[in-house]
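A.B. asks: One structure, pasted below without further comment.
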Amino acid sequence: MSEKHPGPLVVEGKLSDAERMKLESNYLRGTIAEDLNDGLTGGFKGDNFLLIRFHGMYQQDDRDIRAERAAQKLEPRHAMLLRCRLPGGVITTTQWQAIDKFAADNTIYGSIRLTNRQTFQFHGILKKNVKPVHQMLHSVGLDALATANDMNRNVLCTSNPYESQLHAEAYEWAKKISEHLLPRTRAYAEIWLDQEKVATTDEEPILGQTYLPRKFKTTVVIPPQNDIDLHANDMNFVAIAENGKLVGFNLLVGGGLSIEHGNKKTYARTASEFGYLPLEHTLAVAEAVVTTQRDWGNRTDRKNAKTKYTLERVGLETFKAEVERRAGIKFEPIRPYEFTGRGDRIGWVKGIDNNWHLTLFIENGRILDYPGRPLKTGLLEIAKIHQGEFRITANQNLIIASVPESQKVKIETLARDHGLMNAVSAQRENSMACVSFPTCPLAMAEAERFLPSFTDKVEAILEKHGIPDEHIVMRVTGCPNGCGRAMLAEIGLVGKAPGRYNLHLGGNRIGTRIPRMYKENITESDILASLDELVGRWAKEREAGEGFGDFTVRAGIIRPVLDPARDFWE
């Protein structure tokens, strides 16, 4: 151990089994191709169960019928989740029509699920349809490479519809970063696209033969919007503009929200400021952060392997100096920036290019034809006539982007006729959940299926206390992995067991503070009783413009989390 940093640069010890699996996989091939032809099981076996994640898929089963199938001596109804790589969430209407058709024809649930990482997922793909889905994506210029497991995941970019030039520049950087950090293995093309094996040996100059120690998430952020929740991510490029033109980025590193119940070595953490860099150094810096985490991240304990833990172990200054050394630059001081919100502006917004952008609220991102609200059909009909593109937001909503004045009435009519523009409360617009049951194998409590009716009850509490137009950033996540980003909410519910949640309070509206656990393992009625009391106090005692989370801290209801590595569990 050096005196310059608090812990070892590399954690010695027995490597986790995931490291063996990656090393023996022949650059992510495993025996996936052979397993595809095994009709005796609907799932993937052995290492392939985990290796398919590098190809953008998770093996799941329908937990609603798991016990019933076990009683019938049947294996679980295995089906895959597939997540598309879609940097910045931009998708053409031609691509949308293709994914709409695949969801209808080849998935169990028939839905498209928008995620809070600006992409879409298919749930319920049977094994026989796994290869066809990759080929369908490829046919319209998409893929699912590196959207799961130990790689740089889908790169997010602020869905800012009115600063069109700045958004266009930031979006281009999101795409460049995504491409630069992609794996170089030909396994994806060989297995799914039937491309010929070539004699040359695979090399992974950035990710290495065993890839990253853990998942890695990257964003490009355009202040004052923090819609992409930068503090949930390992590496964040905050856009700095002069006269409406992008000149460089502030770099923030080491955010992340996943924890393990009761494991005090795990904690949610906000990202740390490293400094400012001019545009021309962006890719070199991105690569340097990733390779530093590749070499220094903990490969013995996956629960402690993310960048946030590496940063705490070696020290921020040591990590930053190594990034500077590898990138060949010195960071300049952080340039001023501030965030004012992170919700989407639902409805029409006019961009500075005179095009219009229509943001549609999609509850929990689930696109399906509901009774009386055929959302999926409505979006398909819009896709057939819209000349621009769609943009998926990090709040699981959808923007019909770049609509000329002449098309505005036609598109709004389609949206209204299909229930896509039904009025909802500010509270509902600011509530979000992960998928959880019935498909997620990690789910401990309901989330997506729980949130709509729970939001009804929170709306009733706001109404009761005379503030029906107010909102509280509220999120539900079905397990402590935290996909619903509850650890950056003003009210965060984290699933503990069926019908039971940990209640976290004290985050803020702009997503820069981690909430602390207020009550543990409580029922919905307990949560509502607490919220009734606290919202009542907020309505009476708040200062002008004070959000619920800031109020709970100022009023002494909850202590703020100031240094998560040391005080998250206190």
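Cβ atoms are placed via backbone N, Cα and C, with glycine included.
In case it's useful when we look at the structure, here is the feature table from Swiss-Prot:
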- Cys434, Cys440, Cys479, Cys483: [4Fe-4S] cluster binding site (BINDING)
- Cys483: siroheme binding site (BINDING)
A.B. asks: Once Cys434, Cys440, Cys479, Cys483 are set aside, which residues in the chain still have Cβ within 8 Å of the Cβ centroid of the [4Fe-4S] cluster site?
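C.D. replies: Leaving out the recorded residues gives Val435, Ser436, Leu442, Ala443, Ala447, Thr477, Gly478, Asn481, Gly482, Gly484, Gly495.
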A.B. asks: At a 10 A cut-off on CB-CB distances, which of the binding-site residues Cys434, Cys440, Cys479, Cys483 has the highest count?
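C.D. replies: Comparing the binding-site residues Cys434, Cys440, Cys479, Cys483, the most crowded Cβ belongs to Cys434.
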A.B. asks: Would you mind pulling the DSSP three-state label for Cys483 ([4Fe-4S] cluster binding site)?
C.D. replies: coil
A.B. asks: Using DSSP and three states only, what is Cys434 ([4Fe-4S] cluster binding site)?
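C.D. replies: Note: Cys434 ([4Fe-4S] cluster binding site) is coil by DSSP, not helix or strand.
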